[in-house]
Amino acid sequence: MKVKAKKSIIDYILSYSKKQEKEHVKAEEKTLPRKVTEKAKIKITRNIWDLTGKIVVIAEKPKAANKIALALSKNPIRKSIYGIPYYMIKTKNGLIIVASAAGHLYGLHTDQYGYPVFRYEWKPLYQIGHKAKHTKKFITALSKLCSNADYYVNACDYDIEGSVIGYLIIYFHGDLEKSLRAKFSSLTIGELRESFRKLTSLDWEMIEAGLCRHELDWIWGINISRALMSSVKMASGKRVILSAGRVQTPTLRYIVEKDIERRLFIPLPQYSLSINISKNNYEIHVEYKGKAVETKKKAKEIIKDIKNTGYLTVKKYEEKKYWLNPPPAFNLGDLQEEAARIYRFSPYKTQSIAEKLYLDALISYPRTNSQKLPPTLNYKGIMNKLSRINNYKELISNLLVETRGVLKPVQGPKDDPAHPAIYPTGVKPKDLGKDEWKIYDLIVRRFLAAFASRARISHRIVYLEYPKDPSMVFMASGRKILELGWLRYYPFSMPEERFLPRFQHGEKVKITKASIRKTYTKPPEKISRIKILRWMENVGIGTEATRARIIEILFNRKYLRSVGGRVEATDLGLGIIEVLMEYFPEITSVSLTRYFEGEMEKIRLGIRRRDEVVRDAKNTLIKLIVSFDKKKYQIGKTLSYRLGYLTPTNKCMLCNREAYKNNLCKYHYQALNTIVKTYEEWKRREGVDWDKYLSSIKKLKSTGKWIVEVIQNFEKIKYSHSK
């Protein structure tokens, strides 16, 4: 009897015909909440107090549910079901129930094994993973509370994720045709009451964009991750959890490439001219503005001539007074950057604290890109409330005098369609932890600074030339704060004051000290979490809500580690990117990720349909998997080496990576070549022999890790070469 041969993955993909594509679409229509009646999409505005019958209000978190209930009633009745709290409010027209989710309660799941996988459905998270077992009680409670309701109000956070969370709950447990949306930017009583007087129809474009984001992230993540894990299993027989994703993989590539630059860096020696001058009994250090002198011999000649001359001549003296504009109120990225600069908080920590402050109704919604404060905000009311906090009483009193009560904030260029810049609500904080207070204080002070006057700065700068060679120019500057302005409220940006006396053009200024100082060229900039986040913002991948979490995922996957305050890639992280760059380069591309980000924005604007974008993503992925599968065994072998599951036949003599050339892996081989090539330049500048060169660069802190490893084992490498 003939046994039918099992179809290979490539055969399966290549046979992915139009007919099968239609079957997939048909299956999705059964399992995914896509079809919505035209009645549900009618744009309406309703006041919750005009609605009759049973109304279920769905909050994103229990704390938010409590704030909403207290806004809708002074004395809501607190109850619980299955251990989950909810609130009842009796009205003249019926009953309002305020219930809560616990963030996302549903996720995408498939019962198919292997890859590619294009069949999936939304399921309760507790059915997908044991870590989400706490969500079962929330789903059971919501199912019970939502039954037979006359209206459903999605009162989750007004962003794409909040729109999806509330939508899925109503889809599974309510009626979309009886659904409304509450939109608010803070959990203060006043704003919540106003939002429930102006309920709108569901925000369908945001829902569709959010569902699309989940689908794309799932499709890309599960298929590429399974492909990688399957390749390791094929090569080594071992099972391992690996992950790759639409946003996390281009981010990892950026970090790896920057890290490789640092690890292969060799600093070059150079000499700066250190000159001190004297003016009115003040000794002033002047900075040489030309290129660093490359050889010690040349530097010594120059400094000897300068000493013999004994003076410099004033080429130009400037004294300027300028205004320093106040900064706008924070968006999330700005807040994360300042918290990292001032307190060294990670972006994820700052975001987590800000979200807690929001749930405590202390600040507005933090996951915003906006640097603008709306004119409809009651600025004076917020100031009055903040003045009851001792730390800000005097500051606000000064601000109201300074502005004469006219509160007009500076507006930044960035905007967000859903939320304004982050602002304090005026609610008095209670029991804030030390770190929570630091973030709250930053937000309050930045908010106050946005209304303050400009700071006035006096800036003096002098350029001095060496009379025998006017092309050699030295510079010194001084700064004095004339009017504090907004710096009084936000002192974290206070410029450093330095005194500089006045000079006259052509004046001869006596040199009191002249010497040469040996320095070295700077290595590539260290990578930090905040620099990664800012890079993600600049290239347009991820969202305010997801960027910090994606960075932490890379740490949790052991692709990154933190060393002395900087971020570096692990050997596994290097291996993942090395493999994907060679065999699967498109997945590491920023342009591909950015393209789909743009497509999702078009969905939010109502220009494109979700099913079109998802189909586009699937077709792109299919082509990538075909290419991947042809090289699957080699990919698995390379990853297995990185994981320590296999030992390369030809192993690098300095690490566990496979040998590339001369018994060295490609990184150590590249380091060796860099050492050899850079020697000639070191020899020209310093006149050192080979051994002195090696010992010199080995001692320097900025020398790359792989360079040092090669130097430490140079005898071994030379022996290997001669052999």
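Quick reminder: no glycine exception, Cβ is built from N, Cα and C everywhere.
TrEMBL does not curate its annotations; it predicts them automatically.
Range 243-248 is the one annotated as region 'Interaction with DNA', of 183-188, 243-248, 585-590 (source: TrEMBL).
A mean pLDDT of 95 is what the model gives for the domain 'Toprim' (54-192). Taken through DSSP, the region 'Interaction with DNA' (243-248) splits into 1 helix, 0 strand, 5 coil. Cα distances from Tyr365 (active site, O-(5'-phospho-DNA)-tyrosine intermediate) to the recorded sites His104, Arg213, Asp217, Arg557 are smallest for His104. A sphere of 10 angstroms centred on the C-beta of Arg213 (site 'Interaction with DNA') encloses 24 other C-beta atoms. DSSP labels the residues of the domain 'Toprim' (54-192) in these numbers: 51 helix, 42 strand, 46 coil. Comparing Arg367 (site 'Interaction with DNA') with Asp217 (site 'Interaction with DNA'), their Cα atoms are 20 Å apart once rounded.
Between the listed recorded sites, namely His104, Arg367, Arg557, the fewest other CB atoms within 10 angstroms of a CB are found at His104. With the fewest other C-beta atoms within 10 Å around its C-beta, Asp217 stands out among the recorded positions Asp217, Tyr365. Straight-line distance linking the Cα atoms of Arg557 (site 'Interaction with DNA') and Asp217 (site 'Interaction with DNA'), rounded to a whole number, equals 17 Å.
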